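K.L.:
Quick one: the structure is below, questions incoming.
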Amino acid sequence: MSGKETAELEAALTQKSPSKGPQSNNAVLTELTRRAALTQIVTAVVANITIISSGMGIGFPSIAMIELRNSTSSVVLSESEASWFASITAIMCPFGGLLSGYLLDKVGRKKTLYFINLISIVSWAIMSFASRSDSTTLFIQLIVARIIIGIAIGLSSTPASVYAAEVAHPNLRGRLTLLTAFCTAIGMLSIYTLGYVFKNDWRFVCMICGVFTVVSLLTVVPLPESPSWLVSKRRMDKAERCLKVVRAIKEDNSPEIRAELDALEENIARFRSSATKKSSKLDQLKKPEVYKPLTIMCTFFFFQQFTGIFVIIVYAASFSIEAGVAIDPFLSAVFVGLTRVVTTVLMSFISDKFGRRPPALFSGFGMACCMFGLAACAIHPVKGTALGFLPTVLLVAFIFTATLGFLTLPFSMNAEVYPTKIRGFASGLTIFFGYTMSFIILKIYPSLVDTMGNAHVFILFGCVSVLGIVFVYFFLPETKGRTLQDIEDHFRGKKTPAEKGEVEMTTILKGSQANQDA
């Protein structure tokens, strides 16, 4: 609730209740704000439950690969087939990202979440009942299922975070957009844990994931649609009803609701008026408020992928072996998943307190140190010595520092840096680029290890992390505490109220210093 909206609401309450004093009105406002915050948190959480299944899909190859290659009780895959099983998902994720942009703008945020759950159920069902007697049939079934879940993963990277960004107050938006990263982490931790418990029965694990996804589909039913999307489609009556739900306001003709709807209409009308009726998405991408954040976010995703984050996530068990970790590789994967979950929770508080840039800078520094440390351990093996625990510590520390910035921030910021009218398309395009980079690094990683050796691969990831620090310092904008309109104005070159305040304060301080010097 902005200061202007709060003032209008206070005035309305005062007019309606002249016999009540300021303290009574303040109590009403506090209760209203509390109910609105709780409603926004609940709706954002429910929307993001869908993402848990996608997190399971991302981590699934790590727990299934060993049995698929070495099973003594079922058919197995060849080395080539197994590599396609692991990488085919990354090929499809970019297309899921593009489809996400289309569906978000065409059918809305809620129906896109329906679609993600439905195709995820199909994927888990195919793998649950995959052949136990014919390796060719098994391979085909697994590839089809992984193609479907790959599309679902690409689709799920944007809708829930966009939805959270559009229903949340600016003070809550930082935490709520991080829910996508948190639920992805929960999904991966769940699949790693299930893999550790049911080491020799990945089909049963798939069945559990399918049942969970059915429950996830049912939770989406009561969600209100995004008011921003409804306004963009000129469905004002429904937009007002949904906005009243997420703002926890029951009264008719609320000044706060009217002010927010007017602001949304004005923003979308300005975007429409600046383009001709025949303008295409490509024409819209030429606007500074679109191409600037698009360039920044695509670059951020490049650094996310080529610092080795997704390599560790997808190849968690085998990477642990290559890094020299001495414990059970499945248990090591669980530690990786647990670390990510805990750190994502911590990140929600850090992001609100310190913003986006400081955690990202720390993240890049920590990742570089961990990768250089793993390289040193690969060059001078410590297994069997007093420092045998060091690779495990470095691996967990890498996931910890990565989650504080480079792993989570690209996805959460992707939901808040684009104008409403093109947010779905631009977010989908960014996800397409990000997952294309993911496919490239996941596909070439085994070859890199074979040709360069573990140590040099770790050094490569560390050097990219250092370059990522430079990028964050010079180019990544700060979005903490800014409304979506402020962020759009920033990229358009128009000073936001916060920036104007900084300029005024600088002027005052300079004037004061000049007077003292005089």
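Each position is counted from 1, following the chain as shown.
A Cβ is built for glycine as well, from the same backbone N, Cα and C atoms used for every other residue.
What you are looking at is a predicted structure, and each value in this text was computed from that prediction instead of being measured.
These came from TrEMBL, pasted as-is:
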- 14-25: compositional bias 'Polar residues' (COMPBIAS)
- 43-480: domain 'Major facilitator superfamily (MFS) profile' (DOMAIN)
- 1-25: region 'Disordered' (REGION)
- 41-64: transmembrane segment (TRANSMEM)
- 84-104: transmembrane segment (TRANSMEM)
- 113-131: transmembrane segment (TRANSMEM)
- 143-164: transmembrane segment (TRANSMEM)
- 176-196: transmembrane segment (TRANSMEM)
- 202-224: transmembrane segment (TRANSMEM)
- 294-318: transmembrane segment (TRANSMEM)
- 330-349: transmembrane segment (TRANSMEM)
- 361-382: transmembrane segment (TRANSMEM)
- 388-412: transmembrane segment (TRANSMEM)
- 424-445: transmembrane segment (TRANSMEM)
- 457-476: transmembrane segment (TRANSMEM)
K.L.:
Below 8 angstroms Cβ to Cβ, which residues of this chain, lying six or more residues outside the transmembrane segment (84-104), approach it?
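P.N.:
Same-chain contacts beyond the ends: 57-58, 61, 64-65, 68, 77, 111-112, 115, 139, 142-143, 146-147, 149-159, 162, 229, 314-315, 423-436, 438-439, 442-443.
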K.L.:
Should anything in the same chain at least six residues away from the transmembrane segment (113-131) have a Cβ under 8 Å from its Cβ atoms, list it; otherwise answer none.
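P.N.:
Counting only partners 6 or more residues beyond its ends, the transmembrane segment (113-131) has Cβ contacts under 8 Å with 47, 50, 53-54, 57, 75, 103, 137-138, 141-142, 144-146, 148-149, 151-152, 155-156, 159-160, 163, 202-204, 206-207, 209-210, 213-214, 216-217, 220, 223.
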K.L.:
Please work out the mean pLDDT for the residues of the domain 'Major facilitator superfamily (MFS) profile' (43-480).
P.N.:
83
K.L.:
Using a Cβ distance cut-off of under 8 Å, indicate which of 330-349, 361-382, 424-445 has the most pairs with the transmembrane segment (176-196).
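P.N.:
That would be 330-349.
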K.L.:
What stretch of 294-318, 330-349, 388-412, 424-445 shows the most Cβ pairs under 8 Å to the transmembrane segment (457-476)?
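P.N.:
Highest pair count goes to 294-318.
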K.L.:
Under a criterion of three or more Cβ pairs within a distance under 8 Å and sequence separation of at least 6, are the transmembrane segment (294-318) and the transmembrane segment (388-412) in contact?
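P.N.:
In contact, yes.
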